[in-house]
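According to Swiss-Prot, the Zn(2+) binding site annotation covers Cys74, Cys76, Cys89, Cys92. Annotation source Swiss-Prot lists Mg(2+) binding site at Asp471, Asp473, Asp475.
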Amino acid sequence: MTNSNLRTENHFDYVKISIASPQRIMDWGQRTLPNGQVVGEVTKPETINYRTLKPEMDGLFCEKIFGPSKDWECHCGKYKRVRHRGIVCERCGVEVTESRVRRHRMGYIKLAAPVSHVWYLKGIPSYVAILLDIPLRDVEQIVYFNCYVVLDPGDHKELKYKQLLTEDEWLEIEDEIYAEDSTIENEPFVGIGAEALKQLLEDLDLNQIAEELREEITQSKGQKRAKLIKRIRVIDNFIATNAKPEWMVLDAIPVIPPDLRPMVQLDGGRFATSDLNDLYRRVINRNNRLARLQEILAPEIIVRNEKRMLQEAVDALIDNGRRGRTVVGANNRALKSLSDIIEGKQGRFRQNLLGKRVDYSGRSVIVVGPKLKMHQCGLPKEMAIELFQPFVIHRLIRQNIVNNIKAAKKLIQKADDEVMQVLQEVIEGHPILLNRAPTLHRLGIQAFEPKLVGGRAIQLHPLVCPAFNADFDGDQMAVHVPLALESQTEARMLMLASNNILSPATGEPIVTPSQDMVLGSYYLTALQPNYQKPDFGDNKSTFASLEDVIFAFEDKRLSLHEWVWVRFNGEVEDEDEMSKPQKIEELEDGSRLEMWKLRRDRFDSQNNLISRFVLTTVGRVVMNYTIIDSVSKT
């Protein structure tokens, strides 16, 4: 743990997520002021005063609970300036501190009746239903006040523990119990709502149930066995994390810090607010109304209805739309609940925590780089100068080209030849990492040697495309620069594209020509029917070597699919190789000319090959020449 500039940094080994107990939820938000007053409970649905524009006390933006909205200034204005740091105002009870505490200080709402947590009730699988071994439909009937559940059957012969009863059935049993001739001494006890659910969960002895289930598993098969295993897994998790099942029923709900659900004033005096504030307001209003009804001893049916509405309000706050009607705001738009903020691609985890922008990284469209080696990639100069700027500045100063960082930055902005020369020296032997989302296996991020290129697109060797599952139809890739020597060494030794030939999943080669390469090879060697085949000996279409054809093509005297006669003394695979020549002509010098469909072979009197001309297309010559050239170099 380090302490510098009054900021404390904590280094953690891991983050553990588990169910919070009601006491822990209250501890998150509760603070004791120096005068002994305990603050933290949000009791009013108000946000800010529309005349003074200051937060209302005990409301959702209360300064006493969450901290001052202005740095070093209390609510009433008695204390201002940093010299009063840490003082709690006697008049308004606000601590004089920085306003940024409103980003992490929490509050809580003490509920007038317990409510079930919708994640554990309506999640897949429903942990409440699994633990209680009751169908989810029946659990919902209990929670949403449609059915009673027997908590204690007493002396009643027809009732069983956890049995569901409708309103009419319970009324009949009540009449039976309280009849004059009733023989029932130990009265049965029933419950309804989340309170009954909490009682059922409290009655569970997890260790005993786990033992019984393990014995039962040995004697069961098929579907029943799978169900028992599912239940014991949940129970074992509860035991391992020291969590109690009744914590799945909430007695208090946390109120997240106000700066994470802000309220901002727009032009014209109107306010824009986070959806969470509306959802919290619904919960507080219903909670306060329920508390008032309980105080005045309102009829049971009214109290029960209010409890159900409170349950629905908390459900909407935690996960709007998971159960029942979705709560909508203006324009019939569904309000964003806590779950909506957390989950999904645009959620807090994937968007803001895992998807953070990183220093020394860039992003651009990829295009094919056919002249690159497999371990190379083309990095745009504009991107390279930005990514390698600290290295370039260091070298410029070391070579006495400039004296300070400011002068170096000015020189870099001009991007003259001197800077480009230094940049070339810097990137020499400095690997970079290329990543294409989604990174589904380890080959989704590989190291390459950068080569400076013009334009604004990253050039990629087509052979590495299958590993990245990339194509050149607009895909984007991210560039990362490894800074430390260890990471550069690791990138070069382990992550270089030429070291990752085989797939880690199957062990088969992953560097195979695919997509653009296959299409390019096909286009290069394809035969176009609209091009006429020239006669043998036609000066315009006869060439002495493959190089001559390439030069003529580069000089734009030939098109890619044009037929040519080219002298080639190597082996030729021909479709009519097994048949006889179409014509054999004896020449004056004693040699003979064999005329095949796609070649002309000339032999001397001893049957030695003097020359061979092949009828082919320019594209096929380019293909052959490239392959022969690359093979001869290795």
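The count begins at 1 with the first shown residue.
Using N, Cα and C of the backbone, Cβ positions are placed for all residues, glycine too.
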CB-centroid shell, 8 A cutoff, Mg(2+) site Asp471, Asp473, Asp475, site residues removed: Ile366, Ala470, Phe472, Gly474
Binding-site residues compared (Cys76, Cys89, Cys92) - highest count of Cβ atoms within 10 Å: Cys89
Separation of alpha carbons, Cys89 (Zn(2+) binding site) and Asp471 (Mg(2+) binding site) (Å): 64
Chain-internal residues near Asp475 (Mg(2+) binding site), provided their CB is under 8 angstroms and they sit 6+ positions away: Val365, Ile366, Arg436
The one of Cys74, Asp473 whose CB sees the fewest other CB atoms within 10 Å, among these binding-site residues: Asp473
Neighbouring C-beta atoms (10 Å sphere around the C-beta of Asp471 (Mg(2+) binding site)): 15
Asp473 (Mg(2+) binding site) and Cys92 (Zn(2+) binding site), Cα-Cα, nearest whole angstrom: 62
